[in-house]
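K.L.:
Have a look at this one.
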């Protein structure tokens, strides 16, 4: 019940924010959604850890849920890459037939993007090293 109400408050708050620049309903929806997530995850941890109620069927359902979530994320990012490559390899007449569109200055890939990539790689190496050191 709280999940449904928080979803209603959140979507209604987004509509009010987009159309009337009003925040109170959006903030209430975000707080209700956060409260719902906190209570739900607290109950899942309590049931599985302290009460031992996670039967093999429940464990399988939790595993399938995580697999579906990861699959959803893969397809979500695939959609972003698809849109980027579709726009860059076959620019439409609306974009002036060129990529990047006129008026947009592309970033030099050897400056900030390279630095961000190196930071991500360094974090991955340090996390893996810390994990194997445990």
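The backbone N, Cα and C atoms fix where each Cβ goes, and this holds for glycine too.
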K.L.:
Of the residue ranges 23-41, 42-60, which one carries the transmembrane segment annotation in TrEMBL?
P.N.:
23-41
K.L.:
Using DSSP, how many residues of the domain 'Heme-copper oxidase subunit III family profile' (1-134) fall into helix, strand and coil, respectively?
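P.N.:
Final tally across the stretch: 104 helix, 0 strand, 30 coil.
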K.L.:
Would you kindly list the residues that approach the transmembrane segment (23-41) from elsewhere in its chain, counting only those six or more residues past its ends and only Cβ-Cβ distances under 8 Å?
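P.N.:
For the transmembrane segment (23-41), the list is 2-3, 5-14, 16-17.
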K.L.:
Given the model, what does the mean pLDDT over the domain 'Heme-copper oxidase subunit III family profile' (1-134) come out as?
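P.N.:
That region's mean pLDDT is 91.
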